[in-house]
Amino acid sequence: MEKPVWIFLLFCFFSGPFMAAAVAAQKKTYVVHMAKYQMPQTFEHHLHWYDASLKSVSDTADMIYAYKTVVHGFSTRLTAEEAQRLEAQPGVLAVVPEMRYELHTTRTPQFLGLDKNADLYPESTSTSEVIIGVLDTGVWPESKSFDDTGLGPVPSSWKGECESGTNFSASNCNRKLIGARFFSKGYEATLGPIDESKESRSPRDDDGHGTHTATTAAGSVVENASLFGYASGTARGMAARARVAAYKVCWAGGCFSSDILAAIEKAVEDNVNVLSMSLGGGISDYYKDSVASGAFAAMEKGILISCSAGNAGPSPYSLSNTSPWITTVGAGTLDRDFPAYVSIGDGKNFSGVSLYRGKSLPGTLLPFIYAANASNSANGNLCMTGTLIPEKVAGKVVFCDRGVNPRVQKGAVVKAAGGIGMVLANTAANGEELVADSHLLPASAVGQKSGDIIRKYLISDPKPTVTILFEGTKLGIEPSPVVAAFSSRGPNSITPQVLKPDIIAPGVNILAGWSKAVGPSGLPIDERRVDFNIISGTSMSCPHVSGLAALIKGAHLDWSPAAIRSALMTTAYTAYKNGQKIQDIATGKPSTPFDHGAGHVDPVSALNPGLVYDLTVDDYLDFLCALNYTSSQINSLARRDYTCDSGKKYSVNNLNYPSFAVVFDGVLGGGSSGSSVVKHTRTLTNVGSPGTYKVSISSETKLVKISVEPESLSFTKANEKKSYTVTFTTATGSSAPPSAEGFGRIEWTDGKHVVGSPIAFSWT
């Protein structure tokens, strides 16, 4: 029987929207890299060519962003099939799926020695000409750390602007916060319009993270700063007279690569000198990584890019931001702590930490319960939302295990269930690392060893009791620094021959400016508002290095980004004043270059390094050729028609990096075939006075012989360059060590300067 026409028409009417919605749901955002130099002559402008290329595979797709500086191309929403067809079009170098990146969430200047050596840095003049661009969650412009008192006019080099939006206008900028922009098109293309009742569609920071990182890098001097009296003193950024430009790329749902690329592009055009990015995503090849792509173009313009290493430690191969044109920063501790002692009913006392400020617990011992015994949930020990039984928790201090949900949220869960306090215990994943938090109820965080003892007491004692005593701020903690357990570790999973992280800097319990839109715990229920907050992460160590790079840039305006990084790396320290090596809190043992890179930053020494390992754009292109990248892959980064020289022998080992990552294949010595030999060549540039530098070599393994030729380098003038070769030879027929890694160090000294480079050996 023939169907009526109206049924067919209804089917067409309804199926059209449904089909369109289904297709839209299948679409994803892609960043399209174009070979701009291959544009057909029939097009008057590259944007017309981009649009025509896009329309050839999709009638409905629009460009989200068109990029012209840091990449040549555009971002758009496509189905997987459309993306595949677009990549086959002439002039299309690559179609890369968008990545979602995540944030790597007063005493620091003294700890780094900047207070005693302020006269070494020309703060009042050239540093105030340096502009630090911060890609993050935006900025709270009313923060005292953005006071522009005493600063001269905005640098004439500045080409940026102060964008208006929700709760933000051009008048929010000043001579300190000289620019602010926001980038949301990529975010909104994926997740829909921003809910302006919950977050500002503007540069305003509703999260706190962006204000914290910006003020860590370049906050103005603020006296009597503290968080509820903790860490009280004078707060100042690393480069207190540098200018700040904020680029908001991170929103409630994350930071999207199409927005990040657009922000880097604007920052380059705006003429920033340093880019600080405390964010990271998955690990991918450099030409697929939007941060790496944008950073390459920024590096070409003479901009130093500082990025956080990530908070996925202490697992090996856990690094983000591993490209050699990025300065990758891990985290260490300060010599400051916030003790909160836990006393249990059997008389034992344990040292913990806390930033709680409010009504304290009574001095008497109080009822104590293990969360796992106050829950019907399989993971009740973790104090996750809705897992605690109020009748069992009310009026008691609750013992919670760390993991899965945020530390401060566990306290909020305990409080909501009627608990009066919390002891938060580390598990094996965090070991003895103690991170202080601004809890909503009396709480202390203890290490794994203490936690295990307390847990046994709770299980064995029929009527367990406890109290917590808060001791405020304690200085002079030793040893310090130690490498933070959360700080991501090497080796470098993309290019094992490039040692990462580059350096560590303070990243634990850091005081800096905060947003008034959110409480110090970051929880929605936290109604407290503060001017400064104390938080931890490689997100905090990254802006330390960004600010220090600005100081060095101010003192040496002609130095390249590679020279500035080299100065920071070769002057970093790896041992305490007593000669003992910097500890790794995750193991309780000495840290290695896979943990701390070149060591802990020493900005006073970095100002006068003597020699530097410099790098040019061509050096990085040679590096990409050594990786056997295709022309399309290289040109995605280079943005020009570049071809590797088929007659030239390229080697990753010859990248002029300030550190050495030596990779041997298989069995040491190759079994019966004899010893394995790996050679690295380096070139040093004199940035100090004339002198002769002599080399010294140290190694922690006898399995590898190290020789340097020549053993001395004489420099007679500034900017003179001298090269040397290091030969690493394994013992014939030996087996690889059980750990498949080893470490050493090369130092050049003229009696005044020590130019140090770490060595990491690994066997594959």
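The backbone N, Cα and C atoms fix where each Cβ goes, and this holds for glycine too.
TrEMBL does not curate its annotations; it predicts them automatically.
Worth saying up front: this structure is predicted, and the values here are computed from it rather than measured.
As given in TrEMBL:
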type     : residues : note
ACT_SITE : D136     : active site, charge relay system
ACT_SITE : H209     : active site, charge relay system
ACT_SITE : S539     : active site, charge relay system
COMPBIAS : 195-210  : compositional bias 'Basic and acidic residues'
DOMAIN   : 29-104   : domain 'Inhibitor I9'
DOMAIN   : 128-577  : domain 'Peptidase S8/S53'
DOMAIN   : 381-453  : domain 'PA'
DOMAIN   : 654-760  : domain 'Subtilisin-like protease fibronectin type-III'
REGION   : 193-216  : region 'Disordered'
Helix, strand and coil totals (DSSP H, G, I; E, B; other) for the domain 'Inhibitor I9' (29-104): 21 helix, 27 strand, 28 coil
Number of Cβ atoms other than its own within 10 Å, given for S539 (active site, charge relay system): 30
H209 (active site, charge relay system), number of other Cβ atoms within 10 Å: 26
Across the domain 'Inhibitor I9' (29-104), average pLDDT on the 0 to 100 scale: 94
